[in-house]
């Protein structure tokens, strides 16, 4: 290995590029910088296609012209697409060398986003080679994947199915407990037993996932894990209060608070997001489209402020005595504006003057237009997120099949 101050040659698609080893070490291309850390030829061959020890030459069977543009980016700090080359092919070369779409110039980023939206394609960066783990670490990692990734193995799929069954049973029991026929003592006892079994399962699942997690602080801060904690904790609080106070007036005074805490178990429905691709797509779309969602809320708030003030003036402000009392204040008119803009129209309040009805028509049309503007961006993001998660799920399924065959 001729590292140090020696000259290294990169043979990319038959085209040679000469670089010093020190320069390769500090390049923003992760694949080349990782070459400097290799200590054996076998490690080198994991990063390149071939290596000539005598000439210290690394061979890469990649697109030479694309690599030339990438090297121009290293020199000048600006990365653009190769003319007459598919955007997706060039992006694939970028990922291979360790670059992201954020390294592209804004105009090229828009071209790539448009191309990926049209083709519903998502690329995944190549993963770092895994370090050999100890047997105990492998066992912990297998346990973690079993509980965290429902499609990682057959055992994980069975565990996920059992968890879904418990979630459904818990939701059914929660809904049924509000029925008048379920107030009988025998029925309440059966309900408590089923509730205790479900809570026991969720508690054991949450504790095991916490113990086998890589980063305990990161585990606690995850939204789904916070929801699990909020759903489980009220049960233990209610049991503790019952044991300490008994069925007396003090517990009755705290009954409203306990009922509110118990109703938080409805958040268990969100646990299904771990097992259903549709809910995962919805969550990922909302996370990526938060700017569009904020823009939508701003549109609605601005329109609400304008139309509610005009509606209050036309329906009530011009004639305080005989005016429409439903529009006596601007906050009251805001309710009419929001149900009109969203075309819900409950009919609980409506304008009676000619000017108020004209304003109502403008409000409805404006609501349709304003709500439709960001929907296109959200739709494309939803389709892209769905395809991305679907590809990732297919990867895990293929690895599961290979594991089952072996």
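Along the chain as shown, residues are numbered 1 onward.
The backbone N, Cα and C atoms fix where each Cβ goes, glycine too.
Some features that TrEMBL has for this protein:
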type     : residues : note
DOMAIN   : 9-107    : domain 'Potassium channel tetramerisation-type BTB'
TRANSMEM : 152-173  : transmembrane segment
DOMAIN   : 157-388  : domain 'Ion transport'
TRANSMEM : 193-212  : transmembrane segment
TRANSMEM : 224-246  : transmembrane segment
TRANSMEM : 266-286  : transmembrane segment
TRANSMEM : 293-314  : transmembrane segment
TRANSMEM : 326-346  : transmembrane segment
TRANSMEM : 358-382  : transmembrane segment
Between the transmembrane segment (326-346) and the transmembrane segment (266-286), are there three or more CB pairs that fall under 8 A, provided the residues in each pair are separated by 6 or more in sequence?
no
List the helix, strand and coil residue totals of the domain 'Potassium channel tetramerisation-type BTB' (9-107) as derived from DSSP.
47 helix, 19 strand, 33 coil
Contact check, the transmembrane segment (293-314) vs the transmembrane segment (152-173), 3+ Cβ pairs under 8 Å, seq sep 6+:
no
Range from 152-173, 326-346, 358-382 with the greatest count of C-beta pairs under 8 A to the transmembrane segment (193-212):
152-173
